[in-house]
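Peer 1: Quick paste from Swiss-Prot:
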type	residues	note
COMPBIAS	232-249	compositional bias 'Low complexity'
COMPBIAS	295-308	compositional bias 'Low complexity'
MOD_RES	S2	N-acetylserine
REGION	229-320	region 'Disordered'
ZN_FING	186-227	zinc finger
Amino acid sequence: MSSIRNTHWCHRCQRAVWLRARDAVCSYCGGGFVEEIDIGPSRAHRDVERDPTFDLMEAFSAFMRSRLAERSYDREISGRLGSAGSESFSNLAPLLIFGGQAPFRLAGGDNSSVEAFVNGAAPGIGIARGTNAGDYFFGPGLEELIEQLSSGTHHRGPPPAPKSSIDALPTIKITQKHLKSSDSHCPVCKDEFELKSEAKQMPCHHIYHSDCIVPWLVQHNSCPVCRKELPSRGSSSSTQSSQNRSTNGRENSRRRNIFSNLWPFRSSSSSSTQNRRDTNNTATAEEGHYHHHQQQQQQHQHQHQQQQSHMGYSGWPFDY
């Protein structure tokens, strides 16, 4: 029996194996839970490599390619797929959606391969090895999976333009100069402008019909031609107020710095003056006390001299 006809499926490894001995033992894990695949010899190799669910996954891959093509304006997707060249969408291989396990690759027809696309995108989303992909894709999680893969949390371009900015767009009159230049047609509806009709002019000088550009700006804050974003009307005032607050803050800080620099000197000068005053007062008080003491001593001496001069005797009580 050839190796092709002896192809078995190991339920433990969850893959097809070729038994090299008579014993029904997997050559990879050594387990005995193997089952012979009942297929014809002419289609054995091709059917082992290509699972029947590949057709379903290829259909799902085609659906995803169409959804990605519709969202080609998305910068992140464009940057991610741009390196693959102009054939990036057509060269996408069939997708294998799985979750919770390590990625793996399976060979498909025409030398293609199945690539892992989502690894546990969300709880309950994905298929594990050995499960039937058809049971999952037609199950209750299909809408949730498609919504996550088609929208996800990718960047969707500029946010909507503010209503004040839309109302502030100038309205101009179409002249012969416009009709003779590249601005003769509206970039949205491709209709030619009529002479002396009104049009909305963007800050980038591209002009549009009002009915064409306003619905676009309600969803995208950018010019459809050059992608230049529409500035917010309050940005200038907010910038000016921020500059004023910054200027006032610097002035207040400068004033505080000046006062903080001057204050120690004023404090030192004031302290020195007060110290000098206290010293002078102390010296004056001490000097006054000294003069008062001198005057008292002089008065005592003067009184003592007067007493001695009035007595006039040598100390005897009687004169002879």
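Keep in mind that glycine also has a Cβ here, set from the backbone N, Cα and C atoms.
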Peer 1: Below 8 angstroms Cβ to Cβ, which residues of this chain, lying six or more residues outside the zinc finger (186-227), approach it?
Peer 2: 157-162, 165-166, 169-176, 178-179
Peer 1: Over the zinc finger (186-227), what does the predicted model average in pLDDT?
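Peer 2: A mean pLDDT of 92 is what the predicted model shows over the zinc finger (186-227).
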Peer 1: When the zinc finger (186-227) is classified with DSSP, how many of its residues are helical, how many are strand and how many are coil?
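Peer 2: So the zinc finger (186-227) is made up of 10 helix, 8 strand, 24 coil.
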